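TrEMBL annotations:
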type     : residues                           : note
DOMAIN   : 21-204                             : domain 'Ribosomal RNA methyltransferase FtsJ'
BINDING  : Gly53, Trp55, Asp80, Asp96, Asp121 : S-adenosyl-L-methionine binding site
ACT_SITE : Lys161                             : active site, proton acceptor
Amino acid sequence: MGKSSKDKRDIYYRLAKEQGWRARSAFKLLQIDEEFDLFKDVHKAVDLCAAPGSWSQVLTKKLNENRVNDASPPKIVAVDLQAMAPLEGVIQIQGDITKSSTAEQIISYFEGELADLVVCDGAPDVTGLHDMDEYIQAQLLLSALNITTHILRPGGTFVAKIFRGKDVTLLYAQLKVFFPVVTCSKPRSSRNSSIEAFVVCQNYAPPEGYTPTMANPLMDFSYGPENELLGTNRVIVPFVACGDLSGFDSDKTYPLEKESLDPLQPPISAPYKTAISLKQQNFYNKVP
């Protein structure tokens with residue numbers, strides 16, 4: 001990324017570095033909290049797909065601010081397939097959210113208790129093929145939902161990234177099975193040009209007799225004339241804009257500061273590291 005690229009002129013990118021956040025995505029969770037008061041009475045939280053750790057930073061800051069007198073420190077678990085630089089007060093699990101062993105590790109750290117809040121800001125590396133990107137993101141969301149049914153207490157809250165594609169109502173319907181209150185929120189720091197949004201699912205209440213299992217990850221997207229979302233099957237989810245509307249515009253580019261700041265925490269095992277190394281060696285321009 002160049003020193004004067006559009007990303008560098010993004011105001012939230014710069015504010016994140018100035019305020020000590022590992023990524024601009026921290027502002028998305030903060031703005032969602034402004035609208036929904038996510039962290040009230042939360043003592044145990046899980047951050048799925050956590051790297052590089054900006055949402056874990058927000059959890060640490062907010063849950064410690066909400067501590068009453070001599071209450072015990074909050075318990076926060078961050079889960080990701082990639083290694084993540086340590087954060088004080090956060091237990092890290094380098095694991096797969098589709099594995100039951102990962103859920104067991106989380107519950108073990110909570111000493112047999114369940115989480116009050118589960119958040120997930122995970123997303124695939126987009127390909128530019130919108131239908132494929134939406135489908136992969138839907139699978140990731142459903143995987144996060146599935147492990148959440150193992151680790152979230154009744155009445156708890158689940159927040160996750162969602163791509164608002166043509167089949168998004170199918171995802172809303174899945175979420176409504178487990179959460180009576182589902183809202184689609186768009187933080188001010190999320191670009192208007194992006195189909196990204198966040199579902200805020202409240203008051204977790206699994207169906208009577210439901211037993212969480214990794215054997216059925218809720219990923220059946222069969223959809224045809226026989227199951228049209230009409231009448232009582234149609235799900236309409238409220239859409240809420242979060243954040244101060246008079247604040248910074250995430251789609252606008254602002255003048256550059258004279259001095260640029262380095263990222264607070266560069267990736268420690270970036271998946272694109274090999275590709276960059278090969279490019280620097282002119283590997284891709286070599287004639288076979």
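Glycine is treated like the rest: Cβ placed from N, Cα and C.
Unlike curated entries, TrEMBL annotations are predicted automatically.
Overlay of TrEMBL feature records on the structure.
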residue	record	DSSP (3 states)
Gly53	S-adenosyl-L-methionine binding site	coil
Asp80	S-adenosyl-L-methionine binding site	strand
Asp96	S-adenosyl-L-methionine binding site	coil
Asp121	S-adenosyl-L-methionine binding site	coil
Lys161	active site, proton acceptor	strand
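Between the alpha carbons (Cα) of Asp80 (S-adenosyl-L-methionine binding site) and the residue listed as 'active site, proton acceptor' lies a span of roughly 15 Å. Using a 10 Å Cβ-Cβ cutoff, Gly53 (S-adenosyl-L-methionine binding site) registers 25 neighbours.
Of all the Cβ atoms in the protein chains shown, 27 others lie within 10 Å of the Cβ of Trp55 (S-adenosyl-L-methionine binding site). Separating the Cα atoms of Asp96 (S-adenosyl-L-methionine binding site) and Lys161 (active site, proton acceptor) is a whole-number distance of 18 Å. Around Asp96 (S-adenosyl-L-methionine binding site), a 10 Å sphere centred on its CB holds 14 further CB atoms from the protein chains shown. If you take the C-beta of Lys161 (active site, proton acceptor) and look for same-chain residues 6 or more apart in sequence within under 8 angstroms, you find Cys120, Asp121, Gly122, Ala123, Gln137, Leu141, Glu196, Ala197, Phe198. Around the Cβ of Asp80 (S-adenosyl-L-methionine binding site), a 10 Å sphere holds 21 further Cβ atoms from the protein chains shown. Put simply, the two farthest-apart Cα atoms among Gly53, Trp55, Asp80, Asp96, Asp121, the recorded binders of S-adenosyl-L-methionine, are 18 Å from each other.
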